[in-house]
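What Swiss-Prot records for ASP367, ASP371 is Mg(2+) 2 binding site. As annotated by Swiss-Prot, Mg(2+) 1 binding site applies to ASP367, ASP371, with the evidence given as similarity to another entry. Under the heading Mg(2+) 3 binding site, Swiss-Prot lists ASP519, citing similarity to another entry as support. The feature motif 'DDXXD motif' is assigned by Swiss-Prot to 367-371. Per Swiss-Prot, the feature transit peptide maps to 1-41.
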Amino acid sequence: MALLSVAPLQKPLTSCSPFSTTMPTLGVCTPRKVVTPSIIMCSTTAVSDAGAKRRIANHHSNLWGDDFIHSLSTHYEAPSYRERAERLIKEVKEMFTEIEDGLSITPLSDLLSRLSMVDSIERLGIDRHFKMEIKSALDYVHSYWSEKGIGCGRESGVTDLNSTALGLRTLRLHGYPVSSSVLEQFKDEKGQFATSSIQTDGGEIRSIFNLFRASLVAFPNEKVMEDAQIFSTIYLKEYLEKIPLSSLSRQIEYVMEYGWHTNLPRLEARHYMDVFGYNEMPWMSYGNTEKLLELAKLEFNIFHSIQQRELKHISRWWKDSGFSQMNFVRHRHVEYYTLASCFAIDPQHSAFRVSFAKMCHLVTVLDDIYDTFGTMEELQLFTAAVKRWDPSATDSLPEYMKRVYTVLYETVNEMAQVAKKSQGRDTINYARHAWEAYLDSYMKEAEWISTGCLPTFEEYYENGKISFGYRISMLQPILSMDIPFPHHILQEIDYPSRFSSLAAGILRLKGDTRCYQADSARGEEASCISCYMKENPGLTEEDVVNHIHGMVDDLIKELNWELLKPDCNVPISSKKHAFDICRAVHHGYKYRDGYSVATNEIKDLVMITVLEPVPL
């Protein structure tokens, strides 16, 4: 939302300098070079030119100086690293062949061995090299799937919780039609989940761990998955309080921290490399385990060199845009790029990562203009200019808006040209309609502020799903990919599809729970929390926040279904990046509004996944 503001445009207030320290967060304990920013907060009151009263938010300035970004270097671009990785890829494919031929496993363990192999490769972030092998392994497992689940092997004789839970999760994530009802048979007369009596303590813990992981991909109305999550959460928390630190305990801590809907594949890979070892797949030789780990580290570092190249492009775009001269907006281009590169980890998807970072930064700039800095008259002029979509539309705009409009116009058109090459058709009208709807939703919020109106919860929520900007951050980036998005598939993903509505709803609700207090302090009263409290005066603020969290949990299950439902006309691969945008942005709201205050977990994420390679 927007309106009255205070402060003239000024030069950027920051720069950053690197120094050596130890990373204290996210379970990565190796010493590394980090960037400690100089945090200078923008003032909250001032008078701009022409005497217009303006508000500005108390946002800290850019943490990552352009000079620092362009000083980054790496030696992992050398061909020798790529050649070594290619040799290891061939050797891992041979491991799959040995499993297929039964050379390294027996009929008593062939199902769990396949599942463990697929699971480890995915968690190490190298699964893109083994799509055919993974499909073959999962087809094999699914061929032995029954209403009671599976055992460790096709000749096990009895089903077990560990194999069934891991199978349920993995098969479901790959679109196989598997029912959660298989878990019912593992509940005892008290409703508790029981593991095999012959399992060791470590085996029992791993079974409950995989039960918890399976429960995270629940669909709506799956009571057994709700029971599984409650039971496994209590069990694992008690376990973590009792035992010393170990590889398994660190895995449990990570998954309980990030789950699936705030997990980022590159962050998970970085963490898993530190705990991956022989115990993950005891049937595999030590040498083969080391090869998997070496490949994961090489791939991580080779991609690190790609990140540096793309990040320099983003930083140059940001500097050339003139946004660095605007101290009333948040400068989070590096953070947005980091999120993109933490889930779009295929090197070929460079256009997606760059487009996502640019779109998100444009959304943030406009959010700060419409929410705080712009006057009502200026916002009306800017909205009208975007609807004209003509370079000459800047004539009626104030100086600071002219530059914003020009960068928006040029960037959107440039992305449309990229999409035209990948999709084989002109997509500029998709983008224009999305931006028009986005700015219209902002104008509605600006009117609420100017009139002191507090809308109904439903009115605010429906408008807020558009004003959050999910559609903007998703549409042009996915169209830049080499995945075809014909009109009928795009309709299933883009607004106002069920998929898009759920993803945007999750982010609007979650974002409001993190931002509503700061927004209210700036005069932006309307939020999911305030609107719901108005309609339910008997509830406390805490009651409403808890209710909103419950709504988010329900929407997540519905989004799971929209992504993973079997026999769908839209393949999972077509929806996956749109889904991953939702969970990446959700990640930024896990502890706080990580986009307004990017000095904590998000800063750590940049350092761990972008700035530093993993030691080989």
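Easy rule for this one: first residue shown is 1, then count along the chain.
Including glycine, each Cβ sits where the backbone N, Cα and C put it.
If you take the Cα of ASP519 (Mg(2+) 3 binding site) and the Cα of ASP371 (Mg(2+) 2 binding site), they are about 9 angstrom apart, rounded to a whole number. Just so you know, the Cβ of ASP519 (Mg(2+) 3 binding site) picks up 23 other Cβ atoms within 10 Å once every protein chain is counted. When secondary structure is read from DSSP and collapsed to three states, ASP519 (Mg(2+) 3 binding site) falls in the helix class. Taking Cβ-Cβ distances under 8 Å and a sequence gap of 6 or more within the same chain, the neighbours of ASP367 (Mg(2+) 2 binding site) are TYR442, GLY469.
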